[in-house]
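Remarks on the structure that follows.
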Amino acid sequence: MSSPSSAHWLSLVGSVWLQTINGPNADFPVYSSQLKEIKGISQVRLNFLAFASDAGKLFGWFAGVAALHIPLWVVALTGAAFGLVGYGVQFLFLEKPGLAYWHLFLLTSLAGNGICWINTVCYLLCIKNFPSDSRVAVSLATSYLGLSAKLYTTVAETLPRAARARYSTTKVYLLLNAVVPMVVTLVAVPSLRVVELKDRKRTEAPFLAMFAITLATGACAIVGSVGAKSIGLSTREHMVSFFVLLALPLLIPVVLKVRESMAKIRETKWENRVHDHDSDGPETAVSVSVVELEAEDKQEEQGQELEQQRSSQEEVGGLRLLRKLDFWLYFFSYMFSGTLGLVFLNNLGQIAESRGLADASTLVSLSSSFGFFGRLLPAFLDYYTAKSGYSLSRTASMASLMAPMSGAFFLLLHPRDMFLYASTAVVGTCTGAITSVAASATNELFGTKNFGVNHNVVVANIPLGSLCFGYLAAYLYQRGARGGNRCMGAACYRDTFVLWGATCALGTALCAVLYARSRRSAGRRLPR
């Protein structure tokens, strides 16, 4: 059985793997145009399918309630099962006339709800197994969610030609979306448990190693997105290197387990030696024991200080959450920024098509790769600010990320492809960072006790924003198509980008107000 330190890190590796596969809806822009043709639906109805995945999050709080009563590995398997059914049935019956539009909507909603169950498991594991470094652990794990689209597009591109010739692009992605999460969840099940913390010492080396591996993985993803062929790297070679880097974090708990085993052996030998020579050197034995006791007392005092800080934090839950002004400021600032970014990414397929780009997969991979680094950025900031004894305000971080995102939407008004790629990278980065910061912001604003339910209530803004902003974009697109199903030219999304940019600017202002109300937590001193 794993000792505590290695078991904690094994749970983080399991969370990383789950997050990597927990964005099957992120590849929707790649096949959305083909799906529209297969089912003969309009842009507005296609947008409602993109909304359907987010609509499942309206019932994401069920996952938070379930996590209070059943083991986390069961919660994760439930989420994977929802995805298997939701996407699997679509794969089997997509081209059958019996699969109506409302069937697609409900199945996609079911799969979207499954994402909430897996996310809840990952968040709780990071918060409970790394209480002293929960922000860093959450940011590290959620950063890998930004690689989901990259993972699925890479696997799809490297499938055998026979499989790609047999199935349409839409069916290939539906199959991957159904099967991959279930397989990876089954592999990760043994690591999905909360382990009692015996030692509150900060472990520097494993975090540094994890940062190095994560950076290498992100660099590999970006190279594969924008320049693999230019450096002579085939798609299959890129896939192999990508998966090796995804497996590499497993070395951290393995190395820690070996070190713990060696430490136990040395401790046993030392105890035997002290016992054998106790009569010859009692003073030495006593002094060693005193030093060990002093170290243990110091660590215990640090743990008590952390517990006091945590207990002094206001715990908010239930209907009381909905009565707080801070909740609604947080809810709408998130909806006007992070959710708006997700709606933009959902529409990348149609945006690319309207600009005359033949293949949207490169643009989707680019947004995924930069979204990964955006999600990773808070982990770096948290790690190094905590080392100096300070904590950054999450609301201030969110506000500072929303401003460049608003500018990127206005930059999209320029018709050149260069600005499309640059804005996609900015929106992907900021959206990823805001999504990552939001998990810790919920914890910072409303406490840890009811986090599982609270955060799923907060992310209910995603389906609401997806419906409003997505419908607006689809309506303006359809109007530009002049009765057809396809609109071409930069004008198709011009009004949409103006409205999105203004909305994001409003979200920045709301988040600044939220920060002003909660600034007492900004820059507060952490216990040393």
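For all residues, glycine too, the Cβ spot is worked out from N, Cα and C.
Per TrEMBL, the feature domain 'Nodulin-like' maps to 8-254.
Here TrEMBL flags 58-87 (among others) as transmembrane segment.
According to TrEMBL, the transmembrane segment annotation covers 99-124 (among others).
Remote same-chain residues near the transmembrane segment (173-195) are listed as 2, 4, 7-8, 10-11, 13-14, 17-18, 20-22, 24-25, 27, 30-31, 71-73, 76-77, 79-81, 83-84, 86-88, 90-91, 94, 111, 114, 118, 121, 124-125, 128-129, 151-152, 155-156, 167 (criterion: CB distance under 8 Å, separation of at least six residues from the stretch ends). Under the heading transmembrane segment, TrEMBL lists 173-195 (among others).
Outside the transmembrane segment (207-227), and at least 6 residues removed from its termini, the chain residues within Cβ reach (under 8 Å) are 12, 133, 136, 140, 143-144, 147, 150, 154, 233, 235, 238, 241-242, 245-246, 248-249, 251-252, 362, 365-366, 368-370, 372-373, 376, 379-380, 383. Marked as transmembrane segment by TrEMBL: 207-227 (among others).
Within the chain carrying the transmembrane segment (239-256), a Cβ under 8 angstroms from the stretch's Cβ atoms is held by residues 2, 5-7, 9-10, 12-13, 16-17, 20, 150-151, 154-155, 157-158, 206, 209-210, 213, 216-217, 220-221, 224, all 6 or more beyond its ends. Under the heading transmembrane segment, TrEMBL lists 239-256 (among others).
Positions annotated as domain 'NFD4 C-terminal' by TrEMBL: 314-520. In this model, the domain 'NFD4 C-terminal' (314-520) carries an average pLDDT of 85.
Summarising the annotation, TrEMBL assigns transmembrane segment to 327-345 (among others).
The transmembrane segment feature in TrEMBL is assigned to 365-384 (among others).
TrEMBL lists 396-413 (among others) with the feature transmembrane segment.
Marked as transmembrane segment by TrEMBL: 419-441 (among others). Same-chain residues lying 6+ beyond the ends of the transmembrane segment (419-441) with a Cβ under 8 Å from its Cβ atoms: 123, 134-135, 138-139, 142-143, 145-146, 330, 334, 337-338, 341-342, 344-345, 348, 351-352, 355, 363, 366-379, 382, 394-395, 397-398, 401-402, 404-405, 407-409, 411-412, 455, 458-459.
Beyond the transmembrane segment (453-477), the same-chain residues lying 6 or more positions past its ends with a Cβ under 8 Å from any Cβ of the stretch are 43-44, 46-48, 50-51, 54-58, 60-65, 116, 120, 123, 316-317, 321-322, 327, 330-332, 334-336, 339-340, 342-343, 346-347, 350, 354, 438-439, 442-443, 446-447, 487, 492-493, 495-496, 499-500, 503. Under the heading transmembrane segment, TrEMBL lists 453-477 (among others).
Positions annotated as transmembrane segment by TrEMBL: 497-516 (among others).
If you look at the transmembrane segment (99-124), the same-chain residues 6 or more away from its ends with a CB under 8 A from one of its CBs are 15, 18-19, 22-25, 39, 41, 45, 48-49, 52-57, 59-60, 62-64, 66-67, 72-73, 75-76, 78-83, 85-87, 89-90, 93, 138, 141-142, 177, 181, 185, 192, 194, 439, 451-452, 455-456, 459.
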